[in-house]
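Asks: Below you will find the structure I want to go over with you.
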Amino acid sequence: MADSTSRVVPQPECGGDAKSENVSPNLTEIIVIRHGETEWNADGRIQGHLDVELNDSGRQQAMAVAARLSREPRISVIYSSDLKRAHETAETIARSCGGLEVIKDPHLRERHLGDLQGISLREAAQSQPMAYKAFLSDRSDQVIPGGGESLDQLYQRCTSCLQRIAKKHRGERVVVVSHGGAIRALHRRASPHRRSKSKIWNTSVGILHLSDKDEWTIKLWADISHLNKTGFLDSGFGGDKTSG
């Protein structure tokens, strides 16, 4: 279950017949995508639950990952955080995959970062010292002042949501569009003894297999090979370090 990065292999269209690519009936394959870039990502401003739209780079990143996923066979449905940056990314993917349904679920939101939301991490130490200290805490049960979540609360919310999705779609391939902190929580569940060293870049792709025995396996993690030819790898990918 080690972290990995892989090149994209051309595959059949979404929903096409591909018996060799069928998902085993006793598991669910979940393709986990981080949303495209926003202006606040590029500026290093903390978003959390605040509803920020994609910027132009983010929209083009969404188109790139959508083109990649259009070659994945038999995607059944797309689930998305209800925040605009994730939902717009999901809708872009859905259009490339023949108009798949997008189901919004607030349990896939980013970590609520309390009093830190709306300011940059550079400003936080001075303007919100208590929240900043809580954010840097090594305690996973440390909540952030101003209504923020602890890492444990984020973990419980996101992993429970993914388990519900997996149970509903056993034997299917599903796309989930979420956020950096939420996706790291999923990695923690799948690989509890190994912390991910990979940054969760905007529109990075991970693949998880969730079995009916409640076993989580990482098949791919933090892959951005679809962006190699877009010219956006050198643009502002800020935000990963501010998502908790």
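Heads up, the Cβ atoms here are built off N, Cα and C, so glycines get one too.
Feature annotation from TrEMBL assigns active site, tele-phosphohistidine intermediate to H35. The annotation active site, proton donor/acceptor is assigned in TrEMBL to E110. Here TrEMBL flags R34, H35, G36, E37, T38, E39, W40, N41, R85 as substrate binding site. Here TrEMBL flags 1-22 as region 'Disordered'.
So that I understand the layout, could you describe where these features sit and how close they are to other parts?
Replies: Long-range Cβ neighbours of H35 (active site, tele-phosphohistidine intermediate) (same chain, at least 6 residues apart, Cβ-Cβ under 8 Å): L54, G58, A62, S81, L83, R85, A86, E88, T89, V177, S178, H179, N202, T203.
Around the Cβ of E110 (active site, proton donor/acceptor), 30 further Cβ atoms fall within 10 Å across all displayed protein chains.
Using a 10 Å Cβ-Cβ cutoff, W40 (substrate binding site) registers 21 neighbours.
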Asks: Taking R34, H35, G36, E37, T38, E39, W40, N41, R85 as the record's substrate-binding set, what's the max Cα pairwise distance in Å, rounded to a whole number?
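Replies: Result: 15 Å between the two most distant Cα atoms.
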Asks: Give me the Cα-Cα distance between T38 (substrate binding site) and E110 (active site, proton donor/acceptor), rounded to a whole Å.
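Replies: With the alpha carbons as reference points, the distance is 14 Å.
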Asks: I'd like to know which of these binding-site residues, R34, G36, T38, R85, is least surrounded, judged by other CB atoms within 10 A.
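Replies: Among the binding-site residues R34, G36, T38, R85, the sparsest Cβ neighbourhood within 10 Å belongs to T38.
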